[in-house]
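Student: Let me give you the structure first, and then I'll get to my questions.
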Amino acid sequence: MAAKHRHQLPKKWSEEWGEIISGVSGGFLFGIPLLCTMEVWFIGSYAEPPILLGIIAITFFIVFLINRVEGFRSQADDKDPISKAIAESIETLSIGFVCATLIMIVLQEINLQTPLDEVLGKVVFEAMPFSFGVALSRSILDGDRYTNSNSNQSQSHRKGKKRIIWADTVADLSGTILGAMFVAFSIAPTDEVAMLAAPATPPWLLLIIFSSLIITYGIVFASGFTNQNKRRQQQGIFQRPESETLVYYLVSLFVSALMLWFFQRLAFDDPWSLWMRYSIILSLPASIGGAAGRLAV
C-alpha cells in the first residue's frame, strides 16, 4: 500500500508540473501582442487603483467562464464544479501575474527603482492576456500533429527516409520563419525595440537569450501540444530538443535582424553592437512566434 502511494506521488507531481507548463506556454503565446507595447506600459503607469481592481475583476470573470468549459487543467468529474472553477481561476490569474512580472523584469520595465503603483499597473495590464492564454492553453495546445500517420509511418520511413528527414526539417524551418516573421513584422517598426535596447547591458542580453530558449523549449517540448515521444522520433536534422531549440532560436534571431533592417531601424553602417542589441530584444517575442509556427505546421 505504501509502495503504491510512493508510486502515485511522483506521477501526481509530474501531472501538476505538466499542466502548469502547459498553462505558462499558453500564456506566453497569448501574451505576445501586448508584450512589447509601449502604450500598455504607459497606461499601466498612471492607472488608478479602482481601474486596476476593475480590470482584475473582469479578467477573473472571463477566466472563470473559460474554466467552467475548458481550463488549463485536465477535466474530471467533480461534485462541486463551481468551486473547482473558482480555484482554477485563482491559479490561472496567479500564473498570469507571475509570467507578466517575470517578463517585465527581463525587459527591464520593472526594477527596484520602479514605484510600487507603477509596478502594479504594468503587471495588471500585461497579466490580462497572459491569464487568458493560461485558461485557453488546453484548447490551444492539445492535439498531436502526428496522430494521423501511425498506420503508414513505418512503410514511409523505410521507402524514403532521407526524403522524410528533409521534409520534416523544411517544415519546421518554414514554420519558424513564418511565425517569427509574423510577430517581428508587427514589432520591428515601433519604438519599443529601441527603448528596451537602450538600457540593455551584456548580462541582460544574455538573460533575454536564456529566457527565449527556456520559453520556446517549454512551448514546443514540455507544453503537451504534441506527443513528445513521437516528436522526438521525427526525422528532422535538428530533432533533438536542445539542438532544435538552439538552431531555431538563431533562425528567429536572423529574422529579427532582417525585419529591423527591412523597416530601416538598422542600417549596414550601424555598429555590430547595435545590431546585436536590437536583434536580441526583438528575438524574444519573435522566437515565441517561431515556436508557435513550428507547432502549427
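Here the Cβ of each residue, glycine as well, is placed from N, Cα and C on the backbone.
No curator has checked TrEMBL annotations; they are predicted automatically.
Taken from TrEMBL, the feature transmembrane segment covers 20-44, 50-69, 164-184, 204-225, 246-263, 275-296.
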Student: Flag the pair the transmembrane segment (246-263) / the transmembrane segment (20-44) as in contact if three or more Cβ pairs fall under 8 Å (sequence separation 6 or more).
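Tutor: No; fewer than 3 Cβ pairs under 8 Å.
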Student: Tell me, please, if the transmembrane segment (204-225) and the transmembrane segment (20-44) are in contact, taking contact as 3+ Cβ pairs under 8 Å between residues separated by 6 or more positions?
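Tutor: The transmembrane segment (20-44) and the transmembrane segment (204-225): touching, yes.
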Student: Per the 3+ Cβ pairs under 8 Å rule, pairs at least 6 apart in sequence, do the transmembrane segment (164-184) and the transmembrane segment (50-69) touch?
Tutor: no
Student: Who are the long-range neighbours of the transmembrane segment (50-69) in its own chain, taking Cβ under 8 Å and residues 6 or more past its ends?
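Tutor: Distant Cβ neighbours of the transmembrane segment (50-69) are 81, 85-86, 88-89, 92-93, 96, 120-121, 124-125, 127-128, 131-132, 134-136.
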